[in-house]
Amino acid sequence: MKISEWPAEERPREKLMQRGVGSLSDAELLAVFLGSGVRGRNVVELARGLLVKFGGLRQLLEADRDAFVGELGLGPVRYGQLQALLEIGRRNLATSIERDCALESPSAVRRYLKAMLRHEPSEVFGCLFLDSKHRPLAFEILFRGTIDRASIYPREVVRRSLMHNAAALILCHNHPSGNSEPSQDDVHMTLALKRGLALIDVRVLDHIIVGDGEPLSMVEQGWIVA
């Protein structure tokens, strides 16, 4: 059955407008984004099939380009639109955090950094810069590629800390493999950055590693001391 033949209150767009976006299921949200179905499948049926194929909404959103565009009903244009929407969400989150100083607990910090890093297909290294009261000043991704001691330049972290007039910071990087356990390079690199930043009186409060599941705190796990 075509969506146009459904009762108005059950059509995803109308339902969104009448009841709010929170009333929509994952399939209905995806249907609103897709806009139209394909031959033989209305847009909600298409959305449900895609969620089953990818294993859920999160897996669909994190799918690589080749897997995404290869599916019937998707393609490069929709992939580009989706990436733009995701980036809008991340930037809005970053701006809201910096404006409202909303990182009030270690768990809030981990959730924020996971939102900023988990979509990255390769390793990235970033810093959450904080003031003297540990309120967020800015978040930046500073390095991309294989993250080890050779690829991280302490002087760049120092330079960005001075630029933001930061009193402290939280280091972070992702493990695209999904395993958030730190490597020896992760530990040595963190200690080297702590030493370098101590010279300008900037404290490293933690190093968060984002993989699958809950992000890992190197301080809470005893790998480093704040």
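Even glycines carry a Cβ here, placed using N, Cα and C.
For the Zn(2+) site, Swiss-Prot lists HIS173, HIS175; matching the candidates ASP185, ASP186 against that entry yields ASP186. Look at ASP186 (Zn(2+) binding site): DSSP puts it in a helix.
Listed binding-site residues: HIS173, HIS175; maximum Cβ neighbour count within 10 Å falls on HIS173.
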